[in-house]
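Heads up, the thing below is written out as C-alpha cells.
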Amino acid sequence: MENSESDEPDKKRPHLDSPVSPAMSRNHASSPTKNQTVDVMVLHHQNQKLVQQLDLQKRELRDLEAKIAELKGNQASYDEILITTNQVWNQLVDDLVLLSARAGGGPNVLQTFDDADYSRVPSCPAEEVFLCRLLGKDSLQNRQNDGIAEYTNEMLASRLSSSIGLMESLESIIDTQRTETVSIRQAFEGKLSAEDAIIQLSRLDDMMREEARNLQEVIDILHVKHKEYMEGIENYTSMHSTEQSEISRLAGELEECMAELEDSRRKLINLEMQKDTDAEIHGPIPSAANGSLSPEKSSDRSKGLRELRDSIEEIKLLAAARLSELQDAQEENQILSKDLEVLQNDLKDDKHIYSSRLYNLVNDQLQHWNAEVERYKVLLEALQADRSSIVRREKEVSIKLESADFARNSIASDNSGIEELEAQLQKCKIEKNDLEIKAEEAVQDSGRKDIKAEFRVMASALSKEMSMMEVQLNRWKQTADEALALQEKSRSLKALLIEKTNEQDSLAGKCAEQVIEIKTLKTQVESLQKEKLELQTILDMYGQEGSDNRDINEIKESTRRALSQVEALRSALDEHPLQLRVKAANEAEMACQQRLTAAEAEISELRAKLDASKRFVSDLWISFPLDAIASNQIYSRIQTVGQAYEDMQTQNQHLLQQVTERDDYNIKLVSDSVKTKQAHGILVAEKQALTKQLQQLNASIEQVKTRIAHSEEQMKTCFADAIRYTEEERHLAVTLEMARWELTDAEKEQKWIKYAIASSEKEYEQIQKKSDEVRTELENERYERQKVEEELLELNNQIAELISETSEAAIERLQDEINDCKRILKCSVCSDRPKEVVIVKCYHLFCNPCIQRNLELRHRKCPGCGTAFGQSDVRFVKI
C-alpha cells in the first residue's frame, strides 16, 4: 500500500515540474480562495473518527486472527486423530487378511488388498482429505453439514461392517480348520484297518498339498504386492526429490524477487528523501499545475506523522519477525548438526555395531551353524564306529553260514548212509524170509528134535534180531526226519540270513549316502561360513553409515512380521514331511511285526511237528510189546505144528529114507546157518558202527542246534540293530531335512541382509542429501541474516534521520506537500471534484462535468492550455 501511494505522486511529478502556462496562472490567480474557508476543526474531527474506526477494525482483525489460529490448531489435532485412526484401521484390515490367508483362506482373501488402494489421493478439499481416506471415498458430496455427518456415519458403518465381515470370515476359516483337525484326530485315535488308515493318510496328504499350494499362491501374491509397493515408494522418493529441488529453485527465485523489491523500495525511499531535501532547499511550491495550496496544515501534518510512525512500527515489527525467524533457523540448524554428530558417533562406535540387531542375528546364525557342524561330526563318528561293528557282524554271519553249509553237507552224507543201511536192511529181510521158508521146509522135511530146537532157537533169535532191527530202523527214520526238519529249518534260516544280509547291504548303502550328504553339508557349511565372513566384512564396511531411526523401526517391524509369517509357513510345511515319515515308519514297523509274527508261527509249527514226531516215537515204543506178543503166538503156532509133525512122524516113517537123503541137504543148511550167523555177526558189527555214527550225528545235530539257537539270538540282535538303524536313519533324514530347511532359511536371511544393506546404503545417501540440503539452507539463512542485519542497520539509520527531522519545519513542509498533492488531485476549474478525464492532445486532467460543459460549447478548448479537442480526445482515467 505504501509503495502504491508513493508511486502515484511520482506519476504526477512531471506535471509539477512542467512549466505553468500563462492561462493556468491567470486561472489560478483569478480563482477565489475557496480552500481557505474549509473548517479545519471539522476535518480534524473526521480524521479522529476515522482513526478510531481503524483501531476498532485492527482489534477485530486481531480477534479474527486469534480465532483462525485456534481453528487451525483444532483442525491439526483433528487431522492427526484421523490419520492415526486410518492407519490403525488399515493395519487391522491387513492383519485380518493375512491371518485369514495363514489360516487357509486361499488367495481369494487377498482381494481386499486389490480393493483398498491407500496410495490414491482423494479429489476433495484439503481439510477433507483424511476424512475421505478414512471413509475410502474420493469426495464428500455437496451436502449440508447435517447431510455430511449422516453420510460420514453411513460410510463408517459400511466400513465397520466390512471389517466385521473379515473377522467373521476369519472365524469361519478357523472353525473349519478346527473341525478338520478334530475329525482327523478322531479318525487316527480310533481303531482303523490298513485300508482305512491309507485312505485317511491319502486324504490328509491331499489336504496338506492343497494348503501348501494355497500358501504358495498367497506368498506369490504378497511378493507381487511387495514389488508394487517398492516401485511406488521409489516413485514417491524420486518425485519427492524432484519436488524438493523445484521448491528450492522457487524459493531462490522468490528470494531474488524479494531482494529486487527491497532494492526498489530502498531506491524509492531514497528518491523521496532526495525530493524532500530539494523541497526544503527550494522552499514550498507556491503553485502547481491544475491546483492551488490549502491552509489545512495541522491536521494533514498530524496525519502524515501518524502514518510515518505506523510505517516505522511496521518496519520494526517486520525486522523483529525476520530476526526471530533467523534465530529459529539457527536453533534448528544447531539441533540438526547435533543429531548429525550423534549419528556419526553412533556409526563410528564399535559397541553400537556389535549391539545392533543385524550383527546379533548374524552372530546367532553363526553359532547355530557351528553347533550343527559339531553335531553332524559326532553323528559321522558314531556312524563310522557302527560301520566297523557292522563289518565285524557280517564276518561272523558269513562264518555261521559256512558252518551251516558244513552241517548241511554232513546231514546229506548221513542221509546217504541211512539209505544204504535201509537197502541192507531190505536185503536182510529178504534173506530172513528165505531162511524162514527154508526153515519151514527143513522142519517139515526133518524129523529130528535137535534140528527143530535149533530152528526154534534160530527163529526166536531171528525174530528178536528183526525186532531190534525194526526198532533201530524206526530210530533211524526219526533221526532222518529230524535231519530233514533241521535241513528245512536251516534253509529257512539261510533265507532269513540272505534277507538280513540284503537289508544290511541296503543299510550300508544308505549309510554311505548319508556320509556323502554329510560331506555335502560340510561343504555347504564351509561356503556359508565364507559367506558369513563376506557379510561381516560388508557390515564392517557399511557399519559407519547412518540411517533414520523411524525408517529402521518401520523396516524392523515389517521384517519381524514377515519372518513370523515365514516361520509359521515353515512349521506348517515341516509338519507335512514329518507326518509322511511317521507314516512310513509306522508301515515299516507293521511290516516288521508281521514278519516277526510269521516267523514265530513257523517256529510254533516246527515245535508242534517235533512234538508230533516225539509222540509217534512213543507210540512205536508202546506198540513194540504188541509185536512181541504176536511173535509168541507165532511161536506157539510153530509148537503146535511141531506136535502135529511128531504125531504124523509115525505116519511118515516111509519118508525116512527121504529124510536120510536130505541129511546132506540139512548139513548144507547148517553150514548156511553158520554162514548166516557169521553174516549176522558182521551185521551186528556194522550195526555198532552205525550206532556210533548215529551218536556222532546226534552230537553234531546237537551242536548244529546250539549253533542255530545262537544264530537265532544273533538274528534277534540283528533285528534289533536293524530297527535301531531304521530309527537312526529316520532321525538322520529328519535332521537332514531340518538342515536343508535351515539352509534355505539362511539363504533367505542372507538375501534379507543384502536387501537391508542396500536399503541402509540408500538411507545413507538420503541422509547425505538431507545434510547437504541442511548445509545449503544454513548458508541461505546466514546470507539472509546478513541481509536482514544490513536492512536493520539501514532502517535504524533511516529512523534516526526521520527522528532528527521531526522538527516543526519538517512537519510544515510535509503538510504543504500533502496539500499540494490534494490540490493536484482536484480539478483546476471547479476546485471541488477530483480529476476523472484526460484530454489526449495535451494530457491535462479535469473532472467530467467541467469537460462535458466545455463539450457542449461551440469552441471546445482545454481550460488549462486552450488546445482545441473533440469528443474522441476525451478519456476516462482512474486516480
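Note that Cβ sites are derived from N, Cα and C of the backbone, with glycine treated the same way.
Because the structure is a prediction, the values reported are computed rather than measured.
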Residues flagged as coiled coil in TrEMBL, choosing from 418-445, 446-473, 558-585, 726-753: 418-445
Listed range which TrEMBL flags as coiled coil, given the options 91-125, 126-160, 511-545: 511-545
Coiled coil according to TrEMBL, located in which of 47-81, 187-221: 47-81
Average pLDDT across the coiled coil (757-824), rounded to a whole number: 77
Tally of residues which DSSP labels helix, strand or coil - the domain 'RING-type' (827-865): 9 helix, 7 strand, 23 coil
